[in-house]
Ligand SMILES: O=P(O)(O)OC[C@H]1O[C@H](OP(=O)(O)OP(=O)(O)O)[C@H](O)[C@@H]1O
Ligand SMILES: O=c1cc[nH]c(=O)[nH]1
Ligand SMILES: [Mg+2]
């Protein structure tokens, strides 16, 4: 069974509260999502292996550690996942970025695919899928399947807020994918929105609506 990591660092929780607040406008919302994504990147990379190298400090030779040849891909689910890309890249600057376009049909709540562009060496990379909202889990599960169909093996899912229903759905379909989230909320409402959540992440990021 995959693991669910709830990242309860005070900075993440404080910023998430500001993100949730309905009085937070698009500019501040975007900045905060970027900042939280950067803080989450710190936690998501915690299991990256280190290797020892020889360097010279101004004082003399030293054995020191560096991250060991890890190739990473960051895959935002369009649109809202875009808001987390720059924060992730701040801490993992050598990562390549792939894009998967999915929107959730408002009536059926089923994910509809409309775009895909991945790095050519995607199968050699550990992928981090990012999307602020894990609601029914349909979009995330579809994106994971999409990447597995292309031969990707090692995938993590990072979101800001998860509903219990979404976690269960992803774990049922993909029990090899660990989930990192800043919060697990109470439930979904009748429109498939996370309660209390933050509203529509894409609309709040991009000022649509
Ligand atoms: O877990 P699910 O029930 O699939 O819902 C979550 C999805 O819904 C939102 O995207 P949306 O469809 O609103 O597209 P957008 O990012 O373009 O606004 C969100 O960013 C997720 O991708
Ligand atoms: O609460 C939700 C659910 C899906 N998508 C969002 O943007 N917000
Ligand atoms: Mg949306």
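Glycine residues also receive a Cβ, built from the backbone N, Cα and C atoms like all the rest.
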Site co-member for 5-phospho-alpha-D-ribose 1-diphosphate according to TrEMBL, given 79, 104, 131, 132, 133, 134, 135, 136, 137, 138, 139, out of 8, 200
200
Of 133, 135, 139, 199, 200, listed as binding-site residues, which ones have a Cβ less than 6 Å away from ligand 3?
200
Which binding-site residues of 133, 135, 137, 139, 194, 201 contact ligand 1 in the sense of C-beta under 6 Å?
133, 135, 137, 139, 201
Is any of 131, 133, 135, 194, 200, 201 (binding-site residues) within Cβ reach of ligand 2, i.e. under 6 A, and which?
133, 135, 194, 200, 201
Rounded to the nearest Å, what's the C-alpha distance separating residue 131 (5-phospho-alpha-D-ribose 1-diphosphate binding site) and residue 201 (uracil binding site)? Just drop the number here, would you?
9
Those binding-site residues, out of 79, 133, 135, 137, 139, that come within 10 angstroms of residue 194 (uracil binding site) at the Cα
133, 135
